[in-house]
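**Q** Grabbed the feature section from TrEMBL, which reads as follows:
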- B:34-62: transmembrane segment (TRANSMEM)
- B:98-119: transmembrane segment (TRANSMEM)
- B:139-161: transmembrane segment (TRANSMEM)
- B:173-196: transmembrane segment (TRANSMEM)
- B:208-235: transmembrane segment (TRANSMEM)
Amino acid sequence: MAFDVDTSTVKLPEKPVLTRRDYINTTLRSYYLQNAGNVSNLQGTGMLYSIWPAIRKIFKNDDDFKKVAVTNLEFFNTNPQPYPFVSSIVLAMYDNGASIEDTRAVKLALMGPLAGIGDSLSQFGLAPVFSSIFASLALQGMVAAPIFFFLCLFGITFGVRCLMGYLGFKVGTSMIDTLSDRMSAITEVASTVGLTVIAGLAVSFVKVNLAWQYSQVIKGKTQLVTVQSILDKIMPFMLPVLLVYFVYWLITKKHWTMYRIVILLFVAGILLSVLGVLKP
Amino acid sequence: MHFTIMQAILVGLWAAFCYSGQLWGIYTNRALFISFGIGLILGDLKTAVIFGATAELAFMGFGVGPGGSTPPNPLGPGVVGTILAISVAKLSPAAALALSYPFAIIVPVFMNIVSTLNASNMGWAKTAIEGGHYQRFKFIANIQLYCYAIFAFVLAFTATVSTNALRDFVNAIPQWLIQGFSVAGELLPAVGFALIMSTMLKKEYIPAIVLGYIGVAYLKMPVIGLTFLGIALALNNYYQKQKHAKNNDDASEQDGGAEDGI
């Protein structure tokens, strides 16, 4: 236990007091999860804040309420999108008379798997796909693209939160396994689509233009030939591909931090431009 | 171009809202979205959105840093870069991105300071609850949010009111160096793309990478077309896998039968 709080004397409710409204309210309050983020209990304070009105309703006795509240302050860290699954289960367990200790065990057990599911869905699945699609639409002159970008991501993740809040209320912890299986299929589909788009955009968006050129005499006429045009004939976007691969290699094999890589590219870009190797 | 105090306040409020979205998990803290609002307020939506898209792609993989480090944050370029792109004539989006990059590095420094100062949050919350000061608990439970909002407001407000100084500063940079920044700004997106690949890429996704490359480099496909191409590949993989799993089941049943026979 985070603090030595004796919860064995807490009076558990005899029959459920929460209504559907309380679960919906708590699911909406999931947006508060990270409002008190800090290095010691991460989302702990926010976790308590999200379930605050509901547990006040369950634990009528003020001393009991304080004890339950304080036990929920302990370290908590998961992905905020599927988090309502946890809050709903915690509330359902309290409300149906499960002990404070049992509920805590379930809550802590869910933290890891949900973080994995949520991260793979939102950070590696949804965000890159939508940001590459709408950023490239914006570059083509569609000024409303940012709004659609926001509506898509917010809409989908809001749907995920509602669904998770409902599932947490409806079913027990066994659900998390089947959810994991189903999610891995969805993640694979999302990753494949995402990487196809990202690979395409990476080569066209990263620009490495050689400034070198030489003159050539063809049939008595002098022509300027750029080295870049020759490279493009061999393999279009050859240098951007190599650059992305080089940075990928620095990250995965050399374990460079992003700051080092950014500084390297900055210095390289300016130097190569000054030396007349690259042009914008 | 001169911006009014009213515009500076609006830009500050917009930045505060967008940056708070990082805590709420609603994706408003992305460069594309931040730039949109700033463009609307400062009256040059087109330039703002094009810059925002440039920065968005450069920061695509920056949700998480390798090994849990705090990566550079798109708030800085989203605010300062957009203001530069709008106010400095003939500044390319890539150059604006490179020039505003230092602000992407200031933001995580601030974030680390706040979450460290907030380290006793759990203790404060406990004291407040046990003393029955529930209103004070509410404040404590939102303390990081308030800090984020105030920081973003101050950053964006200051940047907008000092537009002239920013512009003079940029104009004082010699042309060869600006060109160098442009080149660097065009190289920088490689970090975002490589980063997202380093978190997503497994061997079985190599066909997706090659397909995406062919689609753009040889077929010159627009991005929506690429998406359909990706969906086709993903569904094909999915059904092949199902078929494979089914065949395996059949095969193992037969194995079982043979064993029973022996």
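Each residue, glycine too, has its Cβ placed from N, Cα and C.
Bear in mind that the values here come from a model prediction, so they are computed numbers and not experimental data.
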**Q** If you count every Cβ pair below 8 Å, which range out of B:98-119, B:139-161, B:173-196, B:208-235 shares the most with the transmembrane segment (B:34-62)?
**A** B:173-196
**Q** For the transmembrane segment (B:208-235), give me same-chain residues lying six or more residues beyond its boundaries with a C-beta closer than 8 angstroms to one of its C-beta atoms, as numbers and ranges.
**A** 197, 201
**Q** Report, as numbers and ranges, which residues of the same chain sit near the transmembrane segment (B:139-161): CB under 8 Å and 6 or more residues beyond its ends.
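**A** Counting only partners 6 or more residues beyond its ends, the transmembrane segment (B:139-161) has Cβ contacts under 8 Å with 3, 5, 7-9, 11-20, 22-23, 38, 42, 75-76, 79-80, 83, 103, 110, 114-115, 118, 121, 124-125, 128.
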